[in-house]
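Single-structure report; data block below.
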Amino acid sequence: MDCIRILWSVAVGLLLVSWRPTMFAASPTCDTVQNILAPCAGFLTGQEPSKACCTGVNNLNNSRKTKADRVAVCNCIKELTKSIAYDPKRMPLLSTKCGVKPDFPAVDKNLDCSKLPV
């Protein structure tokens, strides 16, 4: 009987160790962020956001579960925006236009992503 309990405990322990819920998934990669935000390029230069843009913003927002996720996404956005002409004041408007909370920060070259609020 004790042997069965030990085996059962080991089996449950292995299941718990091997189970990786979403909250433990890695932060989104910059390639993922770029693909998600690609439909928003027009918005960042003055147009209205498309449905695809808002869907992407909502998906990206849902992937930013931890401060590390938010910092990673912010740094990716900073890197991506180096290569396009855009109005950094429009970035936070994505949240309003697409109905997303929390707000996206105004990302520019001077933003220290590590100091974003929790």
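We count from 1, first residue shown onward.
Backbone N, Cα and C atoms are what each Cβ position is placed from, and that goes for glycine too.
Keep in mind it's a predicted model, so treat the numbers as computed, not measured.
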Per Swiss-Prot, the disulfide partner of C54, chosen from C3, C98, C113: C98
As recorded in Swiss-Prot, which of C3, C30 forms the disulphide with C76: C30
Record Swiss-Prot, residue C74, disulfide partner from C40, C113: C113
Which listed residue (C30, C74, C113) has most other Cβ within 10 Å, given these are disulfide-bonded residues: C74
Pairwise Cα distance for C40 (disulfide bond)/C54 (disulfide bond) [Å, integer]: 8
Other CB atoms, at most 10 A from the CB of C54 (disulfide bond): 18
Nearest of the disulfide-bonded residues (C30, C76, C98, C113) to C53 (disulfide bond), judged by Cα-Cα distance: C98
